[in-house]
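Taken verbatim from Swiss-Prot:
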ACT_SITE  95  active site, proton acceptor
DOMAIN    101-349  domain 'Radical SAM core'
DISULFID  108-354  disulfide bond
BINDING   115, 119, 122  [4Fe-4S] cluster binding site
BINDING   180, 181, 212, 234, 235, 236, 311  S-adenosyl-L-methionine binding site
ACT_SITE  354  active site, S-methylcysteine intermediate
């Protein structure tokens, strides 16, 4: 007789845990207990789950695991940005980035090893697509970061959600803006985001979880029906010919379809605007005339713009827009009454800035020479 396969409980959201407990002959409330132990108390095994019946703990030992991906390296930038390189097996690695600010801490989470979209200005796409991450590998990034950050700040175990009312949560916002296109890994990303929102797990509000997409129109509609979180769209061009070149997915879902999908999404979104991300490329998409084209393109979509100075990498053949040109471009948008921000480049000395995530372990000597900046590197063993 063959034994049942072992289940990684990190792969299961609340509904999945209830179904799993039912398969063991257990009541639904056991699923909530398990979820709290795993996601709020960082339990690594079942022995310490003292409010579970011993018989259930014994069942779980033989049939389930709480398996996290391994950590290859842990780097801290001079500006406080922290990047983990995560081993997801078969020579694949993904990156997770924490960006601390005065009033919040934002975690940038990866959804795929590599990326098939292959945007011209993004180094991740240049490595090609390896595979989708599992739900465990996605939510595991938040679990790992939250408790690593708590430990580094001397915050004892306990609830990751700050449920004691003391506001102890370190990660206050999650952005699905790491490696990969989240909507092309929908079936793993959505359960992970459900866990991010679940009060028995991480308890984030829908306004504090943002999914960034290059514009997979049918899946935008599906997300709006299933789990509408805050939405960011990687726009980067005001016209189809230019966007076809910068974001090849545009050939399948052109701008007219994308703008219509944004309008539909706003009917159910937790925020009353879409964030359009726009990578500033010298002489490519940064003229004042193109800013006016953007205004015409998005006039029927309540939105804000996040202008992102391009972070160069050798294979791109592109150059970052000059600061004064970014300022002029932004002014055109702001003069029209559109909220516009220019993203401050963070973590570029550890290749953690926007567009730099490539999943490769780089030679740190050459990295330091190239950036002219120091990076604090913490070596950690796989867990």
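Quick reminder: no glycine exception, Cβ is built from N, Cα and C everywhere.
The model shown is predicted, which means the values in this text are computed figures rather than measured ones.
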Determine the Cβ neighbour count for residue 108 (disulfide bond): the number of other Cβ atoms within 10 Å of its Cβ.
27
Taking only the residues in the domain 'Radical SAM core' (101-349), give me the average pLDDT of this model.
93
In the structure shown, which of the binding-site residues 234, 311 has the fewest Cβ neighbours within 10 Å?
311
Restricting to the binding-site residues 180, 181, 235, which ones have a CA within 10 Å of the CA of residue 115 ([4Fe-4S] cluster binding site)?
180, 181
Could you state the CA-to-CA distance between residue 122 ([4Fe-4S] cluster binding site) and residue 234 (S-adenosyl-L-methionine binding site) to the nearest Å?
11
As a test of the contact definition, list every same-chain residue at least 6 positions from residue 181 (S-adenosyl-L-methionine binding site) whose Cβ is closer than 8 Å to its Cβ.
111, 112, 115, 116, 117, 213, 214, 216, 249
Residue from 95, 108, 212, 236, 311 whose C-alpha is spatially nearest that of residue 119 ([4Fe-4S] cluster binding site), among the recorded positions:
236
Let me know the DSSP-derived helix, strand or coil state of residue 119 ([4Fe-4S] cluster binding site), please.
coil
Just checking, which of 115, 119, 122, 235 (binding-site residues) has the fewest C-beta atoms within 10 Å of its C-beta?
119
Among 180, 181, 212, 234, 235, 236, 311, which the record lists as binding S-adenosyl-L-methionine, how far apart in Å are the two most distant Cα atoms?
19
Find, among the recorded positions listed as 95, 180, 212, 236, the one whose Cβ has the highest number of other Cβ atoms within 10 Å in the structure shown.
180
Compute the C-alpha separation of residue 234 (S-adenosyl-L-methionine binding site) from residue 108 (disulfide bond), stating it in Å without decimals.
15
Could you state the whole-number distance in Å separating the C-alpha atoms of residue 236 (S-adenosyl-L-methionine binding site) and residue 95 (active site, proton acceptor)?
23
In whole Å, note down how far the CA of residue 95 (active site, proton acceptor) lies from the CA of residue 311 (S-adenosyl-L-methionine binding site).
16
